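Have a look at the structure below, then the notes.
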Amino acid sequence: MANLERTFIAIKPDGVQRGLVGEIIKRFEQKGFRLVAMKFLRASEEHLKQHYIDLKDRPFFPGLVKYMNSGPVVAMVWEGLNVVKTGRVMLGETNPADSKPGTIRGDFCIQVGRNIIHGSDSVESAEKEIGLWFKPEELIDYKSCAHDWVYE
């Protein structure tokens, strides 16, 4: 079997406030991915600026940081085969108007500025984001009893 990879998923303040945390976790679990780490926190502006550093020159950057700092987020690390790519498909397009029904954004979002969830866009950015949000000892290594029922 190919190597399992990890991705960073964050439920944004609007997803938390709308009570969608359980539904989002459920979808990742039902897909067969394994939760490796999770924390509930209100990220500082400095932390968010570091997370979104690649967007710092975009006109929407200050509003994005303010929005992400407006309430608590749920930061998670998920593990599985092709979890980065599959996770992005599960999330839907960044703009919910372009997202298909059945995706998280297609089912729960209307506007791009309130798209409820973030997911790493590559294995490299996942590694960077996981390192920014979690200490190594916060990543829990265990074998799920469902592993052999999900993977050949």
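Cβ atoms here come from the backbone N, Cα and C positions, even for glycine.
Summarising the annotation, Swiss-Prot assigns active site, pros-phosphohistidine intermediate to His118. Around His118 (active site, pros-phosphohistidine intermediate), the same-chain residues six or more apart in sequence whose CB sits under 8 Å from its CB are Phe8, Ile9, Ala10, Lys12, listed in sequence order.
Neighbour density for Thr94 (ATP binding site): within 10 A of its CB lie 15 other CB atoms from the protein chains shown. Secondary structure at Thr94 (ATP binding site), taken from DSSP and collapsed to helix, strand or coil, is coil. The ATP binding site annotation in Swiss-Prot covers Lys12, Phe60, Arg88, Thr94, Arg105, Asn115 and rests on similarity to another entry.
In the region 'Interaction with AKAP13' (1-66), helix, strand and coil residues by DSSP number 32 helix, 15 strand, 19 coil. Residues or ranges marked as region 'Interaction with AKAP13' by Swiss-Prot on the basis of similarity to another entry: 1-66.
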Expressed in angstrom and rounded to a whole number, the ATP site built from Lys12, Phe60, Arg88, Thr94, Arg105, Asn115 spans a maximum Cα-Cα distance of 22
Around the C-beta of Lys12 (ATP binding site), how many further C-beta atoms are within 10 angstroms, looking at every protein chain? 21
Among the binding-site residues Arg88, Arg105, which residue has the fewest other Cβ atoms within 10 Å of its own Cβ? Arg88
